[in-house]
Amino acid sequence: MWYLVLFSLLASFSAEPTMHGEILSPNYPQAYPNDVVKSWDIEVPEGFGIHLYFTHVDIEPSESCAYDSVQIISGGIEEGRLCGQRTSKSPNSPIIEEFQFPYNKLQVVFTSDFSIEEQFTGFAAYYTAIDVNECTDFTDVPCSHFCNNFIGGYFCSCPPEYFLHDDMRNCGVNCSGDVFTALIGEISSPNYPNPYPENSRCEYQIQLQEGFQVVVTMQREDFDVEPADSEGNCPDSLTFAAKNQQFGPYCGDGFPGPLTIRTQSNTLGIVFQTDLMGQKKGWKLRYHGDPISCPKESTANSNWEPDKAKYVFKDVVKITCVDGFEVVEGHVSSTSYYSTCQSDGQWSNSGLKCQPVYCGIPDPIANGKVEEPENSVFGTVIHYTCEEPYYYMEHEEGGEYRCAANGRWVNDQLGIELPRCIPVCGVPTEPFQVQQKIFGGQPAKIENFPWQVFFNHPTAGGALINEYWVLTAAHVVEKNSDPSMYAGITALRLADLENAQRLYTKRVIIHPGWKEDDDLNPRTNFDNDIALVQLKDPVKMGPKFSPICLPGTSSEYNLSPGDMGLISGWGRTEKRLHVINLRGAKVPVTSLETCKQVKEENPTARPEDYVITDNMICAGEKGVDSCKGDSGGAFAFQVPNVKAPKFYVAGLVSWGKKCGAYGVYTKVKNYVDWILKTMQENSGPRKD
């Protein structure tokens, strides 16, 4: 068994200061041992440096001298490390390596590791004391101004205007009291660009005439002041003070502050404070007087005219608010105002601000409502809704309004026009249920036929087609330009009429194709038996008041024999010439030829005298028909392709040869264009 014995030889040698000496590695010139650490502390007299020479180097080589090496250490810092086999760079000199230090102390350390594969002899070196020039050989100059060297020492001196401090190294100077009044000038630290004096406080004053501000400009390279300590405090500093503003303190290599300082003041104080240490060159600045400027952006949400990079004393600007904002002064609002740059650097009218435009409380609409907004300023969104289920909004996207820049509530589709709530047509709250086929129909509720209108004197009917218009037969109103009408009733008793909603006529418009009767003979021509009654006031829709739809013009609205429709009214029944309560019936469509074959009850009229045209519908069956008193009422049919009960007026009760058989109805589909055109031409400004 092999045992590896490791030992370490740690030694340190020092002696009294000498002017020269020799250093040899252990066992030199024999091979040095393993695992050795040995150091030599070299010291020469004060005021001298050390010159170290190596005449032999034979140490185990390794990368970065990591295994065996000789180190040269000065002030705790490694100045060199040698290993390997070195030879002289010059054939006439024994010197292999040399080091020179301006300090009087030096340490040499030799280290070997635990394993040496070959035999190495180590190193040989010697040193000598050399004179040091403290004024030039050291990084830190010992004197703040003049350094005077002699063998073994130095002394400091100052320029004539300076004095030497008690530390015999630093010079001080008195540098306060200067006042600068010119509009342009230059100021620098004492002795610039040479090192400024230590332990000094320099105060300068710049005083310009009113209306000008002091503007200081610096170049970074013109500033070299002792930097801040680890806590951020400046031992030497430059500070500016103007009114209630302070700039600085500043220190460091290169000016750390803004290169241009606009003080907004016509006076500026400058203080330069130094401590007992430092060898920096100081600073130099330039200043000039600039007309007092005012900040460019004094208001938000606005544009300035003229738009300039800089505004100065007495400049006037027009400030215009951006879209959606306005200026309010008392009860007056505007989109712009004027402001003047004042001598103190503040704008006149600085209290005015561009604030969001106020659109006010949204206007109400008829038959609808608007949500109450939290505020009514620019950008606020509100929504209008209609009173369902009796009204719907005319435009699907017409409910949302936004407070616009012009102070109006605006809809993307309608602009500033308010939305309109249109009555829902053709939808009864209680659809009519047919129980049996009887002459004169069966009792009905107004909720079955909410479009039913009663005409008094003579008794007749009409159909409400919107809030302002009633559709009826021409023969009902041809001799009455102001008919008496009621809506929302079923019974015709006097008390019922007094409580019903009276409809007042604005105008009666009879179709131009209707021929006037001569009153001498029974009427036999009912072609174009249709008229419109315009109301003075709109009808408020609800369970008892609701219009019936107009027919479409497509083929889907063509009627065929056998199609069933509803009629309603207060006409003659099998037992009574007229009835008190509203009745309804379901009636089938038949061919026009059927109506031609009905025997006339009036013996004075011949069947061939009656005019039958394509503007008419024939409907009815034995025992189920409209009769006198039902004239002008609606012949209602289910709207095509709609599952829920919804009705349109296909016909108007017009005439018949006798009751209880077949009747003739005005075909409304043929008159839709005339109806719409007439209503449009006679619709004045809405009251809603």
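A Cβ is built for glycine as well, from the same backbone N, Cα and C atoms used for every other residue.
In the three-state DSSP classification, His475 (active site, charge relay system) falls within a helix. As annotated by Swiss-Prot, active site, charge relay system applies to His475 (among others).
Per Swiss-Prot, the feature active site, charge relay system maps to Asp529 (among others); the stated evidence is similarity to another entry. For Asp529 (active site, charge relay system), the same-chain residues that are 6 or more apart in sequence and have a Cβ closer than 8 Å to its Cβ are Ala473, Ala474, His475, His511, Trp514, Leu652, Ser654, Trp655, Thr666. The DSSP secondary structure for Asp529 (active site, charge relay system) is coil.
The active site, charge relay system feature in Swiss-Prot is assigned to Ser631 (among others); the stated evidence is similarity to another entry. In the three-state DSSP scheme, Ser631 (active site, charge relay system) falls into the coil class. Just so you know, the Cβ of Ser631 (active site, charge relay system) picks up 26 other Cβ atoms within 10 Å once every protein chain is counted.
Look at Swiss-Prot and you will find Glu60, Asp68, Asp113 tagged as Ca(2+) 1 binding site. Shown in sequence order, Tyr67, Asp68, Cys83, Ser112, Ile116, Glu117, Glu118, Phe120 are the residues of the chain, 6+ apart in sequence, with a C-beta less than 8 angstroms from the C-beta of Glu60 (Ca(2+) 1 binding site).
Non-local neighbourhood of Asp131 (Ca(2+) 2 binding site): Gly47, Phe48, Gly49, Ile151, Gly152, each in the same chain, at least six residues away, with C-beta under 8 Å from its C-beta. What Swiss-Prot records for Asp131, Val132, Glu134, Asn149, Phe150, Gly153 is Ca(2+) 2 binding site.
What Swiss-Prot records for Glu226, Asp236, Asp275, Gly278, Gln279 is Ca(2+) 3 binding site, and it gives similarity to another entry as the kind of evidence. Neighbours of Asp236 (Ca(2+) 3 binding site), defined as other CB atoms within 10 A of its CB across all chains, total 25.
Taken from Swiss-Prot, the feature disulfide bond applies to Cys65-Cys83 (among others), supported by similarity to another entry. The secondary structure of Cys83 (disulfide bond), as reduced to three states from DSSP, is coil rather than helix or strand.
Counting every protein chain shown, 18 other Cβ atoms lie within 10 Å of the Cβ of Cys147 (disulfide bond). Swiss-Prot lists Cys135-Cys147 (among others) with the feature disulfide bond.
For Cys143-Cys156 (among others), the entry in Swiss-Prot reads disulfide bond, with the evidence type similarity to another entry. Under 8 Å, Cβ to Cβ, and six or more positions away along its own chain, Cys156 (disulfide bond) finds Pro142, Cys143, Ser144, His145, Phe146, Cys147, Asn148, Leu164, Met168, Arg169, Asn170, Cys171.
The disulfide bond annotation in Swiss-Prot covers Cys158-Cys171 (among others).
Cβ environment of Cys202 (disulfide bond): Cys175, Ser176, Ser189, Pro190, Ile270, Val271, Phe272, Gln273 lie under 8 Å away, each six or more residues apart in the same chain. Among the features that Swiss-Prot reports, disulfide bond is placed at Cys175-Cys202 (among others), with the record citing similarity to another entry.
Sequence-distant neighbours of Cys234 (disulfide bond): residues of the same chain at least 6 apart with a C-beta under 8 Å from its C-beta are Val225, Glu226, Pro227, Ala228, Pro249, Tyr250, Cys251, Gly252. In this structure, Cys234 (disulfide bond) belongs to neither helix nor strand by DSSP; it is coil. According to Swiss-Prot, the disulfide bond annotation covers Cys234-Cys251 (among others), on the basis of similarity to another entry.
Around Cys294 (disulfide bond), the same-chain residues six or more apart in sequence whose CB sits under 8 Å from its CB are Tyr311, Val312, Phe313, Asp315, Cys341, Gln342, Gly345, Gln346, Trp347, listed in sequence order. Secondary structure from DSSP puts Cys294 (disulfide bond) in a beta strand. Among the features that Swiss-Prot reports, disulfide bond is placed at Cys294-Cys341 (among others), with the record citing similarity to another entry.
Annotation for Cys321 (disulfide bond): same-chain Cβ neighbours under 8 Å, separated by at least 6 residues, are Asn301, Ser302, Val327, Thr335, Ser336, Cys354. Annotated disulfide bond per Swiss-Prot: Cys321-Cys354 (among others), in sequence order, evidence recorded as similarity to another entry.
In the shown protein chains, 25 other C-beta atoms lie within 10 A of the C-beta of Cys403 (disulfide bond). Annotation comment: Swiss-Prot describes Cys359-Cys403 (among others) as disulfide bond, evidence class similarity to another entry.
Around Cys421 (disulfide bond), the C-beta neighbours below 8 angstroms that are at least 6 residues distant in the chain are Ile365, Ala366, Asn367, Gly368, Cys386, Glu387, Tyr391, Tyr392, Met393, Glu394. If you look up Swiss-Prot, you'll see Cys386-Cys421 (among others) marked as disulfide bond, on the strength of similarity to another entry.
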Sequence-distant neighbours of Val132 (Ca(2+) 2 binding site) in its chain (C-beta under 8 A, six or more apart): Gly47, Phe48, Gly49, Pro102, Asn104
Setting Asp131, Val132, Glu134, Asn149, Phe150, Gly153 aside, what same-chain residues sit with their Cβ within 8 Å of the center of the Cβ atoms that define the Ca(2+) 2 site, listed in sequence order? Gly47, Asn133, Cys135, Ile151, Gly152, Tyr154
Which of the three DSSP-derived classes (helix, strand, coil) applies to Gln279 (Ca(2+) 3 binding site)? coil
Take the domain 'EGF-like' (131-172) and count its residues per DSSP category (helix H/G/I, strand E/B, coil), listing them in that order. 0 helix, 15 strand, 27 coil
Of the recorded positions Asp113, Glu134, Asp236, Ser631, the one whose Cα sits nearest to the Cα of Asn174 (N-linked glycosylation site) is Asp236
DSSP assigns the residues of the domain 'Sushi 2' (357-423) as 0 helix, 25 strand, 42 coil
Given the Ca(2+) 1 site residues Glu60, Asp68, Asp113, which other residues of that chain have a Cβ within 8 Å of the mean position of their Cβ atoms, reported in sequence order? Ile59, Ser62, Tyr67, Ser69, Cys83, Thr111, Ser112, Ser115, Ile116, Phe120
Taking the Cβ of Glu134 (Ca(2+) 2 binding site) as reference, which residues of that chain separated by at least 6 in sequence fall under 8 Å from it? Gly47, Pro102, Pro142, Cys147, Asn149, Gly153, Tyr154
